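Report on one structure; see the data block that follows.
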Amino acid sequence: MPLKQIYFLWTSVLFFNLFYLIPKVSVLKLFHMRDIGFIFLFMGLFCILLKPIKVKPKPGIIGLLLIIYFLMIGIHISLSSIHYHQSIIDGMAAARSQFTYLIFFIFLYFLFENRVALEKCLDWLAIIAVATSVISILHYLGVSLHYREKFEDWEVVRSGIRRIFIPGLALIHFSLVWCFSNWIASDKRKTLYGIATVFFWAVLFFHQSRGQIIGLMAATLVIFLIARKIKLFVVFFSIGILAAVILNLTMKEENLIMTTFSSSITDVREGSGTWEGRLHQMDTDFEEFKEHPLIGSGLVTVRISKFETTNKIEYLKMAAKARKEDLGYTHWIKMFGIAGIIWLAMLYFFSFKYCYRLIKTEKKNVSPLVFFCTGYLIFVVVSGVTLNHFMIADKSYLLAVFLAILVFLEKERKRNLKLY
């Protein structure tokens, strides 16, 4: 395997905290071992500066948007100092997780020069996703393999079934879309990609994160439509309905598939379950947006562990204001205000524009990479209601990789048009 691919895969694994296979270690209470991933990112940037590049791909409007995002983070470091009396150093420390987007530039300028190398690396990411899924299943069955503080609290019982703890869950979403894209793009229906897709779906149903499942269903549906495999979609949909009915008749209250969705409808209607906390968090998010509607107040760079107060209630309120998990869009609006809304709208607009151009160019012979980009974009848009793809390190890392692949394909498309 080329050194560049090893670098990319190792950096990716670091951002998933080595899938909790080693104990959480901190050095002088200043940084954790997962922060080594950021060191690797800056090493990649250093290599770009040192090594002359024959063909310098322009990052385009999406690259410009990411540069603007870094500028917004810089503004937030100052705002957190003004509004929350936090030191600039603490603000910079809190902001480090936002620099995962640097992989976008490393990807374009340093890592991959052709589709073959890129596809091989995505295959390796899928293999890693399968491996961490198997480890999670073994852990679920009682073989203690993961190191995580109070992970048992996360493995709660939902709908009568104990949820499975899966570190690196974002990588499974990413790999599922990639494997399904490969399977649908092949006339011979590549068996391994099909098996991997079914395996990932099974793991996700045991995980029971409903927003993620809905997002992936939307992604696979769109890929089916682009591939014009309507008959195949009808067959799979019919099999799924039949399986759900059979399971409902045989398992009744313990039906994994039916309870996953029926409980979500109940939770939303009654404001109970995980949605109870989310609805309260939404209120907090919108209140913060009303107070600081333009660009936010600097919350994205607030270091909660360093927030100085002796009042526990005040601390909990601050933690709720600065919370980034469990919601996507409302957290984003809270953090970045109107400026963030405009930024995200532009990112989505140009991403969809690139996908449309690629599909139109390839027409009936759409490649797996184009299927993947379109499907993953749909997944991000739909699941963004409950998943924060934009500010959580592992998710934003994969989002940046997806954006880099999309820009890579768009630049390749333009070069090919010039040749003709």
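From the backbone N, Cα and C atoms, a Cβ is placed for every residue, glycine too.
The transmembrane segment annotation in TrEMBL covers 6-23 (among others).
The transmembrane segment annotation in TrEMBL covers 35-53 (among others).
What TrEMBL records for 59-79 (among others) is transmembrane segment. Outside the transmembrane segment (59-79), and at least 6 residues removed from its termini, the chain residues within Cβ reach (under 8 Å) are 88, 91-92, 95, 98-99, 101, 104-105, 108, 295-301, 335-336, 339-340, 343, 346-347, 350-351, 354, 400, 403, 406-407, 410-411.
Per TrEMBL, the feature transmembrane segment maps to 91-112 (among others). With a threshold of 8 Å between CB atoms, the same-chain residues lying at least 6 positions outside the transmembrane segment (91-112) that come near it are 4-5, 7-8, 11, 15, 30, 35, 37-38, 41-42, 44-45, 47-48, 51, 53, 56-57, 59, 62-63, 66, 69-70, 73, 76-78, 80-81, 118, 121, 298, 300-303, 391-393, 396-397, 399-401, 403-405, 407-408.
The transmembrane segment annotation in TrEMBL covers 124-143 (among others).
Long-range contacts of the transmembrane segment (164-185) within the same chain, counting only residues at least 6 positions beyond its ends with a Cβ under 8 Å from a Cβ of the stretch, are 12, 16-17, 19-20, 122, 125-126, 128-130, 132-133, 136-137, 139-140, 146, 148, 151, 154-155, 193-194, 196-197, 200-201, 203-204, 206-207, 209, 212, 215-216, 219-220, 223-224, 227, 229, 366-369, 371-372, 375-376, 379, 383, 394-395, 398, 401-402. The annotation transmembrane segment is assigned in TrEMBL to 164-185 (among others).
Residues or ranges marked as transmembrane segment by TrEMBL: 191-209 (among others).
The annotation domain 'O-antigen ligase-related' is assigned in TrEMBL to 196-331.
Among the features that TrEMBL reports, transmembrane segment is placed at 230-251 (among others).
The transmembrane segment annotation in TrEMBL covers 332-356 (among others). Counting same-chain residues at least six beyond the ends of the transmembrane segment (332-356), those with a Cβ under 8 angstroms from any Cβ of the stretch are 61-62, 65, 68-69, 72, 76, 284-286, 288-289, 292-296, 299-300, 321, 324, 370, 373-374, 377, 381, 388, 390-391, 403, 406-407, 409-410.
The transmembrane segment annotation in TrEMBL covers 368-386 (among others).
Through the fold, the transmembrane segment (392-409) approaches residues 12, 15-17, 34, 37, 57, 59-60, 62-63, 66, 97-98, 100-105, 107-108, 112, 118, 168, 170-171, 174, 324-325, 351, 354-355, 358, 369-370, 372-373, 376-377, 380 of its own chain, all at least 6 residues removed from its boundaries and within a Cβ separation under 8 Å. Residues annotated as transmembrane segment in TrEMBL: 392-409 (among others).
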Segment proximity, the transmembrane segment (124-143) to the transmembrane segment (6-23), 3 or more C-beta pairs under 8 Å: yes
